[in-house]
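Taken straight from TrEMBL:
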DOMAIN    117-192  domain 'Cation-transporting P-type ATPase N-terminal'
TRANSMEM  175-193  transmembrane segment
TRANSMEM  205-223  transmembrane segment
TRANSMEM  357-379  transmembrane segment
TRANSMEM  399-428  transmembrane segment
TRANSMEM  890-909  transmembrane segment
TRANSMEM  925-942  transmembrane segment
TRANSMEM  962-983  transmembrane segment
TRANSMEM  995-1013  transmembrane segment
Amino acid sequence: METYLNEKFVGGVRSKNSPDEALQRWRDLVGVVKNPKRRFRFTANLSKRSEVAAMKRSNHEKLRVAVLVSKAALQFIQGIAMQGAYNVPEEVKQAGFQICADELGSCVEGHDVKKLKFHGGVNGIANKLSTSLTDGLTATEEDLKRRRTIYGVNKFTESPVRSFWVFVWEALQDMTLIILAACAFISLIVGVATEGWPKGAHDGLGIVASILLVVFVTATSDYRQSLQFKDLDKEKKKIFVQVTRNGFRQKISIYDVLPGDLVHLAIGDQVPADGLFVSGFSLLINESSLTGESEPVAVNAENPFLLSGTKVQDGTGKMLVATVGMRSQWGKLMATLSEGGDDETPLQVKLNGVATIIGKIGLVFAIVTFAVLAQGLIIRKFQQGSYLSWSAEDALELLEYFAVGVTIVVVAVPEGLPLAVTLSLAFAMKKMMNDRALVRHLAACETMGSATSICSDKTGTLTTNHMTVVKACLCGNVKDVNDHGNLKTIFSEIPDVVLKVLKQSIFNNTGGEVVINQSGKREILGTPTETALLEFGLSLGGDFQALRQETKIVKVEPFNSEKKRMGVVLELPQGGFRAHSKGASEIVLAACSKVLDAEGNAVQLDQATAIQMRTTIDSFANEALRTLCLAYMDVGNSFSAAEHIPVEGFTCIGIVGIKDPVRPGVKESVAICRSAGITVRMVTGDNINTAKAIARECGILTDNGVAIEGPEFRNKSLAEMMDLVPKLQVMARSSPMDKHTLVKHLRTTCDEVVAVTGDGTNDAPALHEADIGLAMGIAGTEVAKESADVIILDDNFSTIVTVAKWGRSVYINIQKFVQFQLTVNIVALIVNFSSACLTGQAPLTAVQLLWVNMIMDTLGALALATEPPNDELMKQSPVGRKGNFISNAMWRNILGQAFYQFIVIWYLQSQGKVVFGLEGPNSDLVLNTLIFNSFVFCQVFNEVSCREMEKINIFHGILQNYVFVAVLSSTVIFQFMIIQFLGDFASTTPLTSSQWLSCVLIGFLGMPIAAITKMIQV
């Protein structure tokens, strides 16, 4: 079956980025669907997607033309004044502003340089918005309220939450339930006409009540799922940005951004609203999400327009927010586009295939069962000679046979199989949020359970990301600088000229900032590495603001993981220009031709000194320290921002060693992964000795493992790669493309299921290539998060292990449910079919089958698909890419249990009256009640047995699963009520205590049978 499903249904459907043709193919193969609205609720809307794609193409072309026109206009309109006048609306004037939202929108969205010039440029717009380009807006509650009233809020129109009654209506769309409702209506009319009220209404009302019960339980389950997805959707959209308000830098939600806000942008950020460039360096914006242009756009004073939804590809900058929410370009785009939904997962497709196959078999059985039962009635009429005379009782009997046939389809088509995946995933996603992991794509939960390899970053994932400078090498002297309070004494023998250039380098060549926060306290902003260096500089007695004001920054080349260095050019107060470089020690040191000596003089970097410096770098790295080299060079009396910062000829200032301790619990988590058959690999941009030291401390690098540097790795041939990759445990000094290449080889050559962590913009290709992309919630950029499938909210490697555990739990829970449901399917089908063929009667009525359907479908999914994970899961081997979902062990359990149940039910049918000593006119009703009751208790105890597919002990942790206990208890209680009190509707009669005990015992015997079955090796 597995091969057939993979060929016919799953072929081409991947865990992510599946082609639309593959998704459409399996839909075309799904023939027997009782309720398409419910079955396809959590699958991609392909027709909507094509509509969306067409709309995007249209919008892209419009925006592309607007951009090109604005670029052309720039060449002609310099110095041309805008014709005409602009009248400020009265309500805008009264609110204290001089420009309305529509005017701002037409200026920014249309890239209208003439209009911008007319309003006085960026300064003029800031004045009209009553804001400051240095201190931001005045954030009093009254001012913010006025801005919201005039300019709107930064939120997009969302589809309203669907009410509970919508789900009730969708549950009622089930074709088989509609047919049964029609049968019930006819039965009600004929029954009341022939037998009177209320006796004649019992059968019809019984079916109606069963239908309503099924509909409301189904709708409740679906409604709860939708609420869980809605909550998760809100979490996905939580984005925070850095703004300056009241002169203070602060972090606010993207939803709180207002026109007039001064927003700080860095690499990987999403532009939160439409706005104008205020200041910055080398700012490159990727506008492909709006214009379709893959080439990044340089944003500067000449081209100051920034559009929301675009991404910062390089550089840094400040922007003045102009329009927000539905008035922004991204808002307008989102208003016209509705999401096409998440791709269905391979498991959903596979289970849709199983449901289709069993549904078709069930349909054949249902037709044959109805034909056999109807044939029995017709033969009886022929034998009685009354085949031309049909009474109301005959019509009712035929209708009951038809209802039984339809109900067999209800039971046989396991509509709950694909939906159980969604239920289990929704439950897991909600619980994983509590464990600090936000799942962005449904399939990630499922795929993570099959993961065989994790490629992890070092900084912030395996380490704490709380960095401190603990060692420094200046003027050839290595100093321990753990005690920052005593640094002035430690460096007393260092010449002042060296300390001056060191502080100049630290405070100018940085992506961080030292600010005074609203509490009046000093606060360091920036990445952990930048924060550590700035803290070191402050400890040396440096004044950040004073040193920044001494010089003028002419050009900045921000750090990126390709160059592994950053640079800045300063205009010095005494004249001339100086370049500073900072980055990976061996790379920056290789760019140096001089070094500062003990007297502070720049001397030639000879071979002996270079060897000594490299030895220092290695000694720092062997202590698991991150090493950075700082260097400078004077570049003469002229330098323009258009020139590139030199890449060689620098003078080495010194080397610093930064301590980033390993996170508590990482070593244990790596050991858990190893026992679970998951290989952990470290991929980092750090020095190889630092990487190896940390990898050994974490337990990643073993005696047989290989550690390699990125440049060496990328030069390997394909044959060498095939030999190297399985043994590779550490890759140092890697570029983003090295990580991408490694992931690709693991997935294709080694056929592994790969999870990859990433935090930077350049990690997006590897995150996209991996089976599961894991982005860091704290250190990760918006670009990385958007490319990821799961966001690790606390940046902790232990959380990744928790995700793997939940993934395995989801996979196994669905297997348990499938095992349970297929057993009920098989038994219900064979029992009703064989009984109809051999005795001319169906032992289970329509109402009874509907109740059984609810036990195995909605309630069964709730009980088994929501089992929480346990530590035993991480002691099993991963399923991998080629594992069979419906395993041999599952078939063994299904067939063993089905055989037992069929024998028991068949024996009761043939010998039940003798065994229980039943006599009299009521004996058939009592026997059918006993069969129905025994069948239900077989399912109750089989549900418990399905908690473990291999283990004999099925009670371990059962009381911790409150949902399971609640479902089981409510099933038993309701079954008791059906038998004892609802006999008129369910065609049952109250049983004696000994009969009840016999039914429970028959069900209970299924558990030792299941235990014996599990001992059979497959």
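Cβ coordinates are placed from backbone N, Cα and C, and glycine is handled just like the others.
Whatever TrEMBL says is automated annotation, not expert-curated.
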Quiz item: How about the transmembrane segment (925-942) and the transmembrane segment (357-379): do they have 3 or more C-beta pairs under 8 A, pairs 6 or more apart in sequence?
Solution: no
Quiz prompt | Close approaches to the transmembrane segment (962-983) from elsewhere in its chain (Cβ under 8 angstroms; 6 or more beyond its ends) | solution = 206, 851, 855, 859-860, 862-864, 866-867, 929, 932-933, 936-937, 940, 943-944, 947, 989-991
Quiz item: Okay, the transmembrane segment (175-193) and the transmembrane segment (205-223): do they have at least three CB pairs under 8 Å, pairs separated by 6 or more?
Solution: yes
Quiz prompt | Maximum Cβ pairs under 8 Å to the transmembrane segment (890-909) - stretch from the list 175-193, 357-379, 399-428, 995-1013 | solution = 995-1013
Self-check item: Leading stretch by Cβ pairs under 8 Å, where the reference is the transmembrane segment (175-193) and the options are 357-379, 399-428, 995-1013
Solution: 399-428
Quiz prompt | Segment-level pLDDT (mean, integer) for the domain 'Cation-transporting P-type ATPase N-terminal' (117-192) | solution = 83
Exercise. Could you tell me how many residues in the domain 'Cation-transporting P-type ATPase N-terminal' (117-192) are helical, how many are strand and how many are coil under DSSP?
Key: 47 helix, 3 strand, 26 coil
